[in-house]
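Working notes, beginning with the structure itself.
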């Protein structure tokens, strides 16, 4: 014994600092709070020993803070890689000399350094202090009960379930009472835990200290507390130890109690029992020190935490599973695992997991990952208003913990309202309604009523909501429940689930509240055996408990807990129930119980999990929760305060509630009743920091006197019986400090309070009066201050709101002004942050950084307030009568652009969003606009990369914990496999939650027979290359692909073993027209009309011939012929392209790119305009070709329905995110890369030597190539490139490709100009595979074709784009918006040189390019495209089938066919069949009708018209032509041709196009 005492104090006190500095800071904070309050001196009245002034040898507070900050900065520095570079200083040679203007540098230049202190707000400090600080000690002196020890469980192992009395020998009825309470587990954010220490060491813990040992992070937090009060009562402890050494009491009899004098003087009920265990102390202590040193050397997160390699068996005999359970559930020792069973936890849901029965605990574990970013369910519902009973229809989306509803399902950033399910109580179908399609969701704030379209839909919504509520009430990514066997009252079998054995375990939560919790477990296998083992364990511990407690039996044979709670012989528990969620009965879904109501206050540690939710608070608008602080996890147990609460759902208050502490029970209601509206004070009233010191803790059993009164304060007694629980469900009123009167009546016994409560009633009037007087005094002082100052404050607030402005609450990169630093008020900042979180239903981890007043411009400018936090960009309208809200995650923002405002004198800001249209804002002052833009840009990288990495680490840690436990379990219990429930009759509406929710199975849609697949495309090399990659993969799938394109690509295609088919046309001529005239300009149309009529006819004819015999057609829509060929052949038809071609509000058409962001309406109209112009220019020839060669009638853009055709976009979703308004059959698959730089290709020695020399000279190396385009003056461009390379001081690999083709003018070739000679800094090559070459350079500059852009982005290098025509402007804009390159809008030596220098020196651009490159490399676009083809094949086939059926019905409905007409007649203008000229007017399949006035020759200039073009269409054609009426004028077939084309034109008809 003499050697054990120094061991416990010496090494522990002198141990190095914990690797988790948060725990040390919390301890220091707790100590400082004690010292800061003289009235709360730690000295206790009585002869007990005084508390030492210095309990432990710890580093100072400043050292701990410095250590923590250095560790945090080190971690962030490693993750961030300095994403925010300071504004770059250009060399003098590249500075603007006043002769050129460059517009691209405003956005593309990197901004200031990244903000590193996102979580350093007042709430972070509150969480840091609240995690371990005992807030009770602020309001009263130290209680002697806090000095108690708990018995060691090291030697308490069972040999098997059949051995009785083992645990009884290790525990005594006189064990010291500690304030053990149910603890919320925290998710393990750290990598390792510290061994609990030698079992034979006399240790002192904080009250209920083992409750902190739920996860390894808690172990580190608790390690700093283990020696806090070790030196206290050393003499007494030594004496007690001697008694225990000399005496060997009978296991069945309790130890003799201490005398009354000893009890009162020491504040201790029984003596401390020290149980010896095997092993020596020194090796264990050395292992503790080694473990701590190992933890300090590790980073903050390590997935090897559960690997077991660095751990040693504490006792040397336990198995691997026991060690894992010790790590996960933080047992003191590795307890022997008696049995393990797969089971289901029954609450609102059925949760699949495993039960582990150890010597001293029953543990339940289930992996339940958070799904904060997944949409659980979406669809239309009707919702009634708060005051209006009418049901309005909205689009609902259940994502994360929030149920949001929208007026427009495509505007998911603008919710019409939100329901925060973290405060959810339950979701249930209303049984009163016969239809069964009404359901409600209850929260602490209010009850919401919904109406679904069907009863089935309502049940599905309820089940999804129950799952989300369950997940939101669990802290972390796993459900953990640890029940000490000594706390179990009884175990009953309950028939609740058919084909399963269900047991109900009633547990005393802790020995302060004596709440009785119920846990229901169902076993679909091994059920009888499991329940028998549990009963044997409970029977082993019950004799000792009954003998020690002598508690009388209540009704129904259950114990009535608490009759003798005031006695020193009170039954106590060494620890309480530990759980990540509170127990809820499965039969109590709609029960007005505190447990059922979701009173699950969560806790987490901001120091170790800066992005997690710190606490789960009650709704700030509920009066009943005014005095309810959030439940924080620290040494005191379940809540920071154990004072009672008012439940809004319960009935009248009982004696136990009213007389527990009148100052709390009444004053909280008084404060809450002052205002019904949500305010900042109400939002923050749940936080311990904002509680008045007059709130005192209720007296406990071992406290002799209350602090302020000096009168006896016996403990509160709360009685529960099994009959009560069975009648009303497990109300668990003791856990919230109240029992309803209806509960006392249902109990069947008298509701008279105990003598202790009666004694307390005598003091109630005086205490109530004192509390009320204190409240009045406080309110009077507050009102006087309000009259003096607040009136002016409100005026200032309102005037400031309308005047506009800005304010920085947090200070990223020094954005705060000096005035803001001087006027900074932490309390005001906390209030503003809480209001912000309440406005947008955001978690408390959301840190408000800045706020601005401005206008959001949608249809009309709307005034409001802009909020920027560490994760979201939000807007809230301030005009009365408006409710516009914007909630935009920062990770969805690509960039922000500064532009002119829509109104004169206003400055505009454009927020570019992934897959969504831009959002425009206006500011009254340009400086506020600039400040807002800089703040957003500085926050983007941290929100996009750091936050995601943190979430990934947390998820990986939970998975590692699960995998380690499964591995150990499978080794010891390989035959215990879980079974799914066949039928849940007792809880038929309870949804099941599996370990990992299975995704929809990926079915194999591959056709059984190989197909002949034809790919039709025209254009440049970049248009053909993706199809080669696709066809190579189709060959591997067993199909027979064929590429139909220009003849110049024949050898290239056939070299890959792919069949080739030719089409006519010269792509270089088309490119020349586009470059010289622009894409689809008036000059382009005029020249194309005059020169490309014949080219289009040849293209259509050759394409029809080349596609014969195909089973599937995939076409680039620029080829124009494929959709008609597929219709004629009756084969499925897909489209595939390299740029957006489908109508959307997110991006403008790639051929009609504006000079600035124009918004969603403009973007959409560009597609409509292009489709109509493109069809109008080609309709005449296409319809004539359809009639002559395909045997099809005339068609129109509406009848073709191109927007319903399945589409494959072969670019990356990371580069062009799919817009939210894309249909299901439109898929962005990823790039179709053709890697040709493999082993077969060897780079020239000249190229490798040039690259090596550039690296040796430490020069930046760039690639420049404009290979697929034609330039008017190649020599001039070459000279500009040479000058820019020399000016930027880089080395260049130049590839010209097609750019040296000579253009022709009027058939005469222009004379070639000799290219200038290249300096040694430039190496010219003819060609090289991009997949090899781009990996050798630091940046790439090219024309911006889709394939080349994808190759450079995949390499992860910055990209400079100089667009020439077509989609190149679109991809240049995308590269600029993503921040991975430069859009070179102005070409010249100076501009190009500056772009080269910035691309090779901007670390921010390089980091973003590398991240994007990794995302693209992780994709497999070709495989994704093939799977999409298989999935949509039937859909495409059905579209063609419907069209052919329509053609047949048209043929049958023709009234007067033309005699002798032949569908495939070679004549152009004579003898057309009837089906070609009858446009079915009664076509219900059409999307819309388009009537174009005038004639085809208005555009083409041609004066000749075919007979098929002389049909007139009137409005009467829209009515029922097929129902027996005479054909309308426009639908009649002209049996005899008119005398002249002008005769029909003179009739003034409207021609159908």
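Each Cβ is built from the backbone N, Cα and C atoms, and glycine gets one as well.
Under the heading compositional bias 'Polar residues', Swiss-Prot lists 1-10 (among others).
Taken from Swiss-Prot, the feature region 'Disordered' applies to 1-106 (among others).
Swiss-Prot lists 25-36 (among others) with the feature compositional bias 'Polar residues'.
Residues annotated as compositional bias 'Basic and acidic residues' in Swiss-Prot: 90-100 (among others).
Residues or ranges marked as region 'Disordered' by Swiss-Prot: 189-270 (among others).
What Swiss-Prot lists as compositional bias 'Low complexity' is 211-222.
Positions annotated as compositional bias 'Basic residues' by Swiss-Prot: 223-232.
What Swiss-Prot records for 323-370 is domain 'GRAM 1', and it gives sequence analysis as the kind of evidence.
Annotation comment: Swiss-Prot describes 374-470 as domain 'PH'.
As annotated by Swiss-Prot, domain 'GRAM 2' applies to 464-495, with the evidence given as sequence analysis.
For 542-569 (among others), the entry in Swiss-Prot reads region 'Disordered'.
According to Swiss-Prot, the feature region 'Disordered' maps to 611-662 (among others).
Per Swiss-Prot, the feature compositional bias 'Basic and acidic residues' maps to 633-650 (among others).
Taken from Swiss-Prot, the feature compositional bias 'Polar residues' covers 651-662 (among others).
Taken from Swiss-Prot, the feature region 'Disordered' applies to 805-825 (among others).
Per Swiss-Prot, the feature compositional bias 'Basic and acidic residues' maps to 810-819 (among others).
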When neighbour density is defined as the number of other C-beta atoms within 10 angstroms of a residue's C-beta, which of the binding-site residues 1020, 1346, 1368 has the lowest density?
1020
Let me know the largest Cα to Cα distance in Å among the UDP-alpha-D-glucose-binding residues 1020, 1021, 1023, 1328, 1330, 1343, 1346, 1347, 1348, 1367, 1368, as an integer.
23
Compute the average pLDDT of the predicted model within the domain 'GRAM 2' (464-495).
85
When a 10 Å sphere is centred on the Cβ of residue 1023 (UDP-alpha-D-glucose binding site), how many other Cβ atoms does it contain?
24
Let's check the environment of residue 1348 (UDP-alpha-D-glucose binding site): how many other CB atoms sit within 10 Å of its CB?
26
DSSP says what for the domain 'PH' (374-470): how many helix, strand, coil residues?
19 helix, 45 strand, 33 coil
Cβ-Cβ distance under 8 Å to residue 1330 (UDP-alpha-D-glucose binding site), same chain, at least six residues away:
1237, 1347, 1348, 1351, 1352
How many helix, strand and coil residues does the domain 'GRAM 1' (323-370) contain under DSSP?
7 helix, 26 strand, 15 coil
